[in-house]
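If you look up TrEMBL, you'll see 1-12 marked as compositional bias 'Low complexity'. Annotation comment: TrEMBL describes 1-25 as region 'Disordered'. Summarising the annotation, TrEMBL assigns compositional bias 'Polar residues' to 13-24. The disulfide bond annotation in TrEMBL covers 122-127. The feature domain 'Pyridine nucleotide-disulphide oxidoreductase dimerisation' is assigned by TrEMBL to 439-550. Summarising the annotation, TrEMBL assigns active site, proton acceptor to 541.
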């Protein structure tokens, strides 16, 4: 959970390491990435196909042919005699799990090292338990909305909740998913090695629990997938009770009457949704001059009108929380604010609790990077577009990769998994570069926010540099039959595209089930599908998917529409 997917570096402190993957699965849109594409439809973003060179890696035998790697699932492959494993993954979060399963499918003898619990942050302290809390807040909002229920002809008595029951729902869900991940890896023969993993040198790792003897293993290839932890700025004292991070908040040990949330990105937004639904008053503290930084500005403006203004939420923008002192001795939490630009004292707040939602810090200390001459950039491990680790001299470290939050490219759980799968493709002989601009993100508020590709300002900046025009199309949920049937007509879908060739640059949705709707646009970008082609896709009626159908149909593309490749078949 963090306020932006743009590459914002944060320093992290040395703490015991485990496989942490990205926290909440929603996020603000990514900054433009300068990517070279190999093994994907490069025309998706208008890039010309690069010539294959030495940077496109394949596994080649001594006779110059592709080497095939095969093995049965039962014995999890057979590693070369020189190595204990074909692949060792440090960190068993969502990214490491995705890489491990794909590796076994490809016939690699695979081990995964986890120093804490399987599932990392996403499953245990992020995506999964947060969705459980948000499911509760969604139900509560519906039951509390007399106007909404009356419009549907329903009458419900006063809604209430049991705090411990809500907390148990989140904890039980995390436990269930964690067990599912563990069992899936065991069933496929992945060796789960318990302990903190440290790189000793090229293709060599040690692991073990603190206070116990360590084990040394070798691997043909190594993936670092250690994820991230909540970032806490200087001057803020976290006690885990009245001044908390998202890790603490997901336990829901209390529901304060008044809570300040530092940061109005998607971490803060989601928790504001939960707390206000459960009866808290919320105050946002945002360093930038506007709330919800990183979202498309038009979507952010509408979201503020629906998600913030009508609720028990106030806010301070353009200020830093320079010091936060936990409640003690009968005194409330004290927050000292300073002007973000001048750094002059501006105000002070006294609240019941404070949630620090200022983003994520990479979890890379203690990895032994000094043993392979790798220097982090504010904690992030430098990688190229193929997730290959780069050393202090700018050279690639052979057989070493880093995926997920630890490399900072896109701090999302599903991005980490996609990066891991991409790496496995590479080490088994098929060059592959992940198109990060095709990876969707979502914020699970009520209604939801989702996005893929560029925001409108990002697209216009790119257009100015590269010399093309940008057009925007929009459709409203108020024109959608299914949304109206649900009495949920508040929402907007926005398409940013090139009118000259039909290229989709970005899609942003605010409305009912926006997180589910975004994938049609995401897949279109990934596959290089142009608007003039996707206009002919058929959507079931009446469904929310027709919001996207109308959106693509409303776009004005000047490019020639290709003729059907074959005659239609009548049945």
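Placed from the backbone N, Cα and C atoms, the Cβ positions cover glycine too.
The recorded positions listed here are 122, 127, 541; among them, 122 has the most other Cβ atoms within 10 Å of its own Cβ.
Taking only the Cα positions, the spacing between the residue listed as 'active site, proton acceptor' and residue 127 (disulfide bond) is 31 angstrom. Across the range of the domain 'Pyridine nucleotide-disulphide oxidoreductase dimerisation' (439-550), the DSSP-based residue counts are 42 helix, 29 strand, 41 coil. For the domain 'Pyridine nucleotide-disulphide oxidoreductase dimerisation' (439-550), the mean pLDDT of the prediction comes to 97.
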